[in-house]
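Here is what Swiss-Prot records for this protein:
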- 1-41: topological domain 'Extracellular' (TOPO_DOM)
- 10: N-linked glycosylation site (CARBOHYD)
- 18: N-linked glycosylation site (CARBOHYD)
- 42-63: transmembrane segment (TRANSMEM)
- 64-82: topological domain 'Cytoplasmic' (TOPO_DOM)
- 83-103: transmembrane segment (TRANSMEM)
- 104-121: topological domain 'Extracellular' (TOPO_DOM)
- 120-203: disulfide bond (DISULFID)
- 122-143: transmembrane segment (TRANSMEM)
- 144-163: topological domain 'Cytoplasmic' (TOPO_DOM)
- 164-184: transmembrane segment (TRANSMEM)
- 185-220: topological domain 'Extracellular' (TOPO_DOM)
- 221-241: transmembrane segment (TRANSMEM)
- 242-272: topological domain 'Cytoplasmic' (TOPO_DOM)
- 273-293: transmembrane segment (TRANSMEM)
- 294-313: topological domain 'Extracellular' (TOPO_DOM)
- 314-333: transmembrane segment (TRANSMEM)
- 334-399: topological domain 'Cytoplasmic' (TOPO_DOM)
């Protein structure tokens, strides 16, 4: 059985933003087109490096996000408002890692699109849904952190968790609505390059001859899934920064230790969300820029240079890496998550959570009495724990 050869850079048509499914099949009378020749050949070493990188992204991402989700559902103290959104992010990342990333890895050995017309539509829908869940969840989470910083002492309503779950569900629904046109119009198209006597099969959302559609599609994806959400997030964090600067002029006194701790906790979570946003922006920017370059340049086919191929691989790997970095960013930023992550990773029993401080109060009582046989009066102090019966939001910010 003849070994399949990877496609050359000029035989891969990158047709949709954040593309994880595009693939091509080459039919040529020229035997030199069956492999990569000359300086553009990545060689078996480069091919192995690509597959090892994909394998690391998939395995590490699945492990990290699965543990994050397990920590959320098994640890009651972690079931808070910001953690609901972060867990929703983990589900979106898992969806991408289990479907689109393995499919993308088949490009380099497969001779054509392996998953048919239905697979093209389904995978296009999943890919854009996952990207939408990531960026829209970060937007909602930034808005939530802004409210928490501006009103740090405001109590959450009793149904706050339920309302947050509904918001997270709405993010998924909106993401699916935005991804629906991708599923409807995506198809496996065959393209021909008369200069090289070869044909291309690719899962795309438009025929390659429709240059205007490609330009509109790339621009809309860049705006809807990158520029607009990140602009909104930037506004929220500008307001957060201004609020935090003003708060330094009115720091609570030592007697208000609970208020101080709550404010500091919300500041810490705001910084954590900002790190997640920055990771998303950095990981997805090269992929968006590459798609815009393909859409608005006069070239019909991908630049055949080795440098272009390297940048294409780099942009894909960086975009997929965003789906596995969030759990490890949280591990680095949150001691609480770090503790539970280690416990789940090494199959140890997590430490029992401390009892809520806000539900009890320690009261010192003075007791006066007469000592028998002496007639002298002695006063003693005892500590009594009283249950207030009110639930103050004390563990809101765990990650």
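Every residue number used here counts from 1 along the chain in the order it is shown.
From the backbone N, Cα and C atoms, a Cβ is placed for every residue, glycine too.
Sorting the disulfide-bonded residues 120, 203 by the number of other Cβ atoms within 10 Å puts 203 first.
Of the two recorded stretches, the transmembrane segment (122-143) lies close to the transmembrane segment (273-293), with three or more CB pairs under 8 Å once pairs fewer than 6 apart in sequence are set aside. Looking at which of 42-63, 221-241, 273-293, 314-333 has the most CB pairs under 8 Å to the transmembrane segment (83-103), the answer is the stretch 314-333. DSSP assignment over the topological domain 'Cytoplasmic' (64-82) gives 16 helix, 0 strand, 3 coil. Per-residue pLDDT, averaged over the topological domain 'Extracellular' (294-313), rounds to 75.
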